[in-house]
Amino acid sequence: MARSLYEWLWQHEFWLPPGITWEDMQESEDTHYPQPRDLLLSIPFALTLVVIRCAFERAIALPLSTKLGVRDKQRPKAQPNRVLETFYSARRKNPEEGELLSLAKQCDLPVRKVEKWFRRRRNMDRPSLSKKFSEACWRFTFYIISFFTGLAVLYDKPWLWDHRECWTGYPQQPLQPSLFWYYMLELSFYWSLVFTLPFDVKRKDFKEQIVHHAATIFLISFSYCANYIRIGTLVMVIHDASDCFLEPTKIFNYMKWKKTCDSLFMIFSAVFLISRLVIYPYTVLYNTYYYSMEIFQPFFGYYFVNVLLIILQLLHVFWSCLIIHMVYKFILQGTMEKDMRSDTEESDKDEERDKIREKEKNGIAYFSNVTSNGYIQRNGSEPLNRRAHLANGHAKER
């Protein structure tokens with residue numbers, strides 16, 4: 001059964017244009033084509049990147065964050081409570097009003113203290129500022145290396161300047177060693193992001209990130225197997241261009257360098273919108289959808305790779321809407337709004353509000369208590385119980 005599935009999966013009709021079979025893609029001493037088994041190398045390479053990342057964050061990023069003045073915020077810890085911890089771990093982290101009342105009864109605590117416990121417990125799970133800084137440093141380092149590696153590999157390639165060259169001789173386009181290692185670098189990095197996804201900083205677009213990583217890995221893998229190497233390299237360079245500005249924007253934000261952060265954010269926004277909404281649709285989508293038809297007729301691989309590229313473009317539109325909204329706020333307010341993808345911390349304003357309410361409540365109780373006993377004095381005057389009030393409103397000493 002496994003052999004039948006294998007033979008069905010690798011039918012040349014799925015992967016190659018009409019009239020081309022796997023026999024036409026046989027290698028020789030001087031000519032090498034992409035082989036699907038090569039993709040297995042990306043897994044150990046990805047694990048190696050994870051190890052390098054851990055070493056980089058501990059040895060370089062964390063000490064650098066300390067020197068640059070990035071300080072973790074002191075967070076009050078939630079008191080140990082078995083009932084609340086069980087509910088938090090097994091059911092939900094943000095209980096509704098009815099659940100809060102039920103938990104308060106079970107623990108014999110005021111509802112407000114239960115709310116405060118959940119707020120503090122959620123904050124304990126949120127990543128520290130130094131962790132965010134370290135992650136941004138690692139990604140910035142990789143994107144810079146990857147982007148300039150892509151430029152070094154592609155600057156003398158004809159398809160970088162004439163996009164029709166992506167299809168010249170397709171699919172019998174030999175695989176050059178530089179293109180192979182560039183592909184392995186990118187594919188290994190995205191696999192490493194998948195491996196570290198449970199431990200990385202979780203943002204509000206967490207689900208979109210999963211879709212993005214999955215689509216990227218499928219796109220890179222399929223484009224390699226079907227020898228869409230040339231179009232794949234264009235996709236990777238375009239994506240790395242804007243990411244090189246996103247990560248330093250985060251870094252300066254964590255350092256509280258507001259003006260530098262705002263300037264980099266505006267540069268990132270311009271590069272992102274131009275590269276993802278203008279260059280990508282023309283260089284990649286239009287190229288793959290129309291120019292390829294000058295060489296071969298549509299087949300399964302043609303439709304599949306276009307679907308993956310369109311999924312990426314939909315994600316570009318989603319993130320572009322967020323960026324445009326932030327730019328709009330920046331123009332109106334003169335300062336950059338916090339990243340809407342970030343999960344903001346519930347601090348301290350809520351707890352301070354609780355303290356103010358408690359003080360007001362205690363103050364009102366004290367006021368009621370002392371007035372009921374007649375002990376309020378004004379400007380050093382005598383207590384009210386030593387004074388008699390006349391009908392005309394004037395006070396007279398006894």
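Using N, Cα and C of the backbone, Cβ positions are placed for all residues, glycine too.
Predicted automatically and left uncurated, TrEMBL annotations should be read as such.
So that you can see what the record holds, here are the features copied from TrEMBL:
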type     : residues : note
DOMAIN   : 67-128   : domain 'Homeobox'
DNA_BIND : 69-129   : DNA-binding region
DOMAIN   : 131-332  : domain 'TLC'
TRANSMEM : 136-155  : transmembrane segment
TRANSMEM : 180-199  : transmembrane segment
TRANSMEM : 264-283  : transmembrane segment
TRANSMEM : 303-328  : transmembrane segment
REGION   : 341-360  : region 'Disordered'
REGION   : 375-398  : region 'Disordered'
Exercise. Please indicate, using numbers and ranges, the residues of the same chain that are 6 or more beyond the transmembrane segment (136-155) and have a C-beta under 8 Å from a C-beta there.
Key: 53, 56-57, 60-61, 64-65, 178-179, 182, 185-186, 189, 233-234, 236-237, 240-241, 243-244, 247-248, 250-251, 254
Quiz item: Can you count helix, strand and coil residues in the DNA-binding region (69-129) using DSSP?
Solution: 36 helix, 0 strand, 25 coil
Quiz item: What mean pLDDT does the predicted model reach across the domain 'Homeobox' (67-128)?
Solution: 80
